[in-house]
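As recorded in TrEMBL, the features of this protein are as follows:
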COMPBIAS  261-271  compositional bias 'Low complexity'
COMPBIAS  279-290  compositional bias 'Low complexity'
DOMAIN    15-222  domain 'MARVEL'
REGION    237-297  region 'Disordered'
TRANSMEM  25-44  transmembrane segment
TRANSMEM  101-124  transmembrane segment
TRANSMEM  136-157  transmembrane segment
TRANSMEM  200-218  transmembrane segment
Amino acid sequence: MDVVNQLVAQGQFTVLKQPLGFIKILQWIFAIFAFSTCGSYSGMFKMSVECRNRSESDLGIEVEFEYPFRLHQVYFDAPTCKGGNPERLFLVGDYSSSSEFFVTIGVFSFLYAMASLSVYCFILEKYRENCKGPQIDFVVSAVFAFMWLVSSCAWAKGLSDVKTATDPESVITLIAACEEPENRCREVHDPKVSGLNTSVAFGFINLILWIGNLWFVFKETGWMAAFSGTYVPSQEKQPAPDSFAQEGYAQQDPYAGSQGGYQPEYGQQQQQGGGYNEEGGYSQGYEQQPTSYANQM
């Protein structure tokens, strides 16, 4: 318990509020929905065969099937309406490849999303070091986006075939007794495939999430700055401000004495004219001027 508390204390969970981490939570959740709705499915449909001889009829033929939908291994017994033992019939089709591929992609997406969340929360600085972590994350995310596209399309086609193969009306055509006009065959209960329809929807939702995640991971790779020409490698960075003086950036004051600037000499001004003395008044040179106005009068 102490180890868990230490990990929680050292974690940087603010990244989960950012798009980079929040979309990973959505990927983790929807991956669970996708493979669980498909991998845990089991369905059943029911038919009835009413023979001319009512004693040979079977009004409740139940056929059960489940993931991974190897329907060619699913069988049921139907009456022949001719006396004797009932005949054993098998469904048609093997759709395990598309369903298992879909579930496998969902499981691996769930594991990768969980591992990515752990990296974001506990070693985010090392993840962003040298941009290697985001670049690897971008490539893997692109692969998963492509795999979700392929697996979702394949499973959508496989589900359509499963619906056709488990439709009671099409299964009735396999029963030889139903070809006789005096016998009556009908469906009693259709299989519920709403869970399978939901799994396909979750597959395409995961596709959208992984494609959207590519943009947020791409911004962490540093490739955007390299493409726009603003990326500066570490060995070509500009020198620090402290080194300007050593590189010859220091310049002389243009108003220095050698440039002919104005340089007042305060000492001479105090001797020639009036200036401010330390006693708080102005000392002016009227006593040194001749009293020419008095002589003219």
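Positions of Cβ are set from backbone N, Cα and C atoms, glycine also.
TrEMBL annotations: computationally assigned, not manually curated.
Of the ranges 25-44, 101-124, 200-218, the one with the most Cβ pairs under 8 Å to the transmembrane segment (136-157) is 200-218. Within the chain, the transmembrane segment (101-124) has long-range Cβ neighbours (under 8 A, six or more residues past its boundaries) at 7, 10-13, 15-16, 20-21, 24-25, 27-28, 31-32, 34-35, 38-39, 67, 133, 137, 140, 144, 147-148, 151-152, 154-155, 199, 203, 206, 210. Same-chain residues lying 6+ beyond the ends of the transmembrane segment (200-218) with a Cβ under 8 Å from its Cβ atoms: 19-20, 23-24, 26-27, 30-31, 33-34, 37, 102, 106, 109, 134, 137-138, 141-142, 144-145, 148-149, 151-152, 155-156, 159, 224.
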